[in-house]
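Per TrEMBL, the features are:
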type: BINDING; residues: 53, 55, 56, 60, 291, 323, 388, 391, 392; note: Na(+) binding site
type: DISULFID; residues: 159-167; note: disulfide bond
type: TRANSMEM; residues: 47-65; note: transmembrane segment
type: TRANSMEM; residues: 77-98; note: transmembrane segment
type: TRANSMEM; residues: 119-147; note: transmembrane segment
type: TRANSMEM; residues: 204-223; note: transmembrane segment
type: TRANSMEM; residues: 235-255; note: transmembrane segment
type: TRANSMEM; residues: 376-401; note: transmembrane segment
type: TRANSMEM; residues: 421-446; note: transmembrane segment
type: TRANSMEM; residues: 452-470; note: transmembrane segment
């Protein structure tokens, strides 16, 4: 039920021309036939930057800091790094090797190596479609905040506004915020941006401003992918590198805030007793798979555009370690800012931590409003959010497009004629399915599908991919 030429497969990992007579005659000839009909990256940098841009995304800014906070602080780094070296890096190498060896998208790649597990590939493409429908909503949020940042005064900088409900910002010496009160950024996020309803049973209406922002987000995605890797490969030169300049600036600013030391101590202070909880280890594994992008199919799709002889070992180390380093930097920025918020409000850090995307859209705006030239920094920050989200979105949509090209090449060539038409159809359908996320109760729908897509389903799909890997190794060592 499972077949793969192990010598040729091994030559992909090592970047060699072939793996013996059998590998050269079997796998190598097939790869050379595909070489002429399939695009390849213009250079190695485009491939590595695309993978880094995909791995380093919005999850690094909110999911890692929050998981670290609730899973033992500095102690969480032990299971995190163990899972990185025992699971994350080997799984990343496996996916890159599978894509480069088969020169196909996820479904076709798994079907070629192990037809029995083709269903895991189909499931992954379905998950990727669901993911791209709601992930682009976050990019729409960033676009909305960019537009709001051009006001003469940042709208979330104070409670002196008509939209406030239970807002308090009259902090001072020995002044404590009333119970149940919220900061101005939190009120703005819930009452102005989301217009949050009381629950998922009250979905409410679709707001025109967010509908336009979502359209703009999908237009950006479309024009970055319409020429496949010929367009996205050039875009990543900017989108994968620019965020690090801004992260460096925000890191410097976070260290200068009053109370930043308190936040850092809280972030890195180890809570060793939590290491006995199975949930902490599950969080560590989930974060590695989620952040690197294992089991979503994007890495297989990207590596399928590599030349067959590309050496992917160094690529694997560069992608995984860059992603890990970025997560720790993001956690440092977040908790330095949380320390400042706790210092000014007279609260404990536990009382000012937000879960999910609110951690980005409530904590960071608080720091931005206190910076000199706050409007400029706000535009830069949310532009960084935009490009980080776009990188990950490119990769997710590419999974769907590549899988459809592999599954229906004749039909697409006959009826759609051009690659641009296929990309347009995928983007339009994804946009329509994402509309429920921008209703007044959309945040509840968003959190529901995020949990079951990015956490629960991911681990099952990764498990089946691991079965494929172990079966392949069993065949190899059983010879």
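For all residues, glycine too, the Cβ spot is worked out from N, Cα and C.
Overlay of TrEMBL feature records on the structure.
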residue	record	Cβ within 10 Å
53	Na(+) binding site	26
56	Na(+) binding site	28
159	disulfide bond	19
167	disulfide bond	22
291	Na(+) binding site	24
388	Na(+) binding site	27
392	Na(+) binding site	27
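Remark: the transmembrane segment (421-446) makes no contact with the transmembrane segment (235-255), by the rule of 3 or more CB pairs under 8 A. Between the CA atoms of residue 291 (Na(+) binding site) and residue 167 (disulfide bond) there is a gap of 34 Å. With a cut-off of 8 Å on Cβ pairs spaced 6 or more residues apart, the transmembrane segment (47-65) and the transmembrane segment (204-223) reach fewer than 3 such pairs and are scored as not touching. Of the ranges 77-98, 119-147, 204-223, 376-401, the one with the most Cβ pairs under 8 Å to the transmembrane segment (235-255) is 376-401.
Cβ proximity to the Na(+) site centre (mean Cβ of 53, 55, 56, 60, 291, 323, 388, 391, 392, cutoff 8 Å) flags the following additional same-chain residues: 52, 54, 57, 58, 59, 293, 326. Of the Cβ pairs linking the transmembrane segment (376-401) with the transmembrane segment (119-147) and spaced 6 or more residues apart, 3 or more are under 8 Å, so the two regions touch. Checked against residue 167 (disulfide bond) by C-alpha proximity, the binding-site residues 53, 56, 388, 392 yield 388 as the nearest. Residue 392 (Na(+) binding site) and residue 159 (disulfide bond) are 34 Å apart (CA-CA, integer value).
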